[in-house]
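Here is what Swiss-Prot records for this protein:
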| type | residues | note |
| --- | --- | --- |
| TRANSIT | 1-57 | transit peptide |
| TRANSMEM | 65-83 | transmembrane segment |
| TRANSMEM | 103-123 | transmembrane segment |
| TRANSMEM | 128-148 | transmembrane segment |
| TRANSMEM | 164-184 | transmembrane segment |
| TRANSMEM | 189-209 | transmembrane segment |
| TRANSMEM | 232-252 | transmembrane segment |
| TRANSMEM | 263-283 | transmembrane segment |
Amino acid sequence: MTLLSSHLLVFSAVHHRAPPTTTTRNSPTTNHTVRFLCSPGVPPAVRLDQRLPRFVVPGAGAEDLLYNAGATVGVLGGGYALVRAFDELTRRNILQQGLSRKLVHILSGLLFLVSWPIFSNSPKARYFAAFVPLVNCLRLLVNGLSLASDEGLIKSVTREGDPLELLRGPLYYVLILILSALVFWRESPIGVISLAMMCAGDGIADIIGRRYGSMKIPYNEHKSLAGSMSMLVFGFLVSIGMLYYYSVLGHVQLDWASTLPRVAFISFVATLVESLPITKVVDDNISVPLATMAVAFFTFHH
């Protein structure tokens, strides 16, 4: 047999392999994603898109490492610029400190969520993304423990200007960002919805509640009906918007007919949890995203 005929036989064998067997249950694929298949007769709310994402970036080797490192630096720079911009607006009395702090709360997490598709398709990309809030976590620890003093950071993310505040709500906030990136990443709607409810839902609830919150919730005098309603509405809308964003980029495929009511239910539960008089025991930056994750996991996997 000649060398040419040997190559032709090998080529023929490769292109006539038997097709892979059909996945019959939730199982990991070779590209480290999971197919969400539903029980017979039950329409799926979400399927991972097995097509090549429309946003194609490097996936392996030194090029992938450099690409993700560059993306990390870019996202870090964007987050730093955001905080500094609001600090400057506050310093010039263009924005009140309380409003500036809440806008940072809303925008920093959402911009981090929007940045995920910038990273490569490598399974290791999530670790590069998680490095961004990890750096902010270290900044909060250093300043919260008074090992250093960044007045701009303290004014931008604390209520009273006390560095110890950095070790509570803001620290919990960045820890949830890290958790969502590492555990859920782009393969699941759970992390997307959780961050949308924590950042947009809870953040807008505070802004609206302080301005129009004269009518309080009967079981919690510190929370208002206007704030809770705004959290429900904006949390739902931002969650749907983010899911649509990831759907357009090809990371997930959604059955919108079943996804919309499920996200509405998740938003309702998250709003209910946020309205409970438990803030002194559990911070909203912990209770809201963790409750959202639990309900979303149950909703999208059943």
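Note: Cβ is positioned from N, Cα and C throughout, glycine not excepted.
Between the transmembrane segment (232-252) and the stretches 65-83, 128-148, 189-209, 263-283, the greatest number of Cβ pairs separated by less than 8 Å involves 189-209. With Cβ pairs under 8 Å as the measure, the transmembrane segment (164-184) is packed most heavily against 128-148, out of 65-83, 103-123, 128-148. Taking Cβ pairs closer than 8 Å, the transmembrane segment (65-83) reaches residues 57-58, 104, 107-108, 111-112, 115, 118-120, 122, 124-125, 128-129, 131-132, 135-136, 152-153, 156-157 in its own chain, all 6 or more past its ends.
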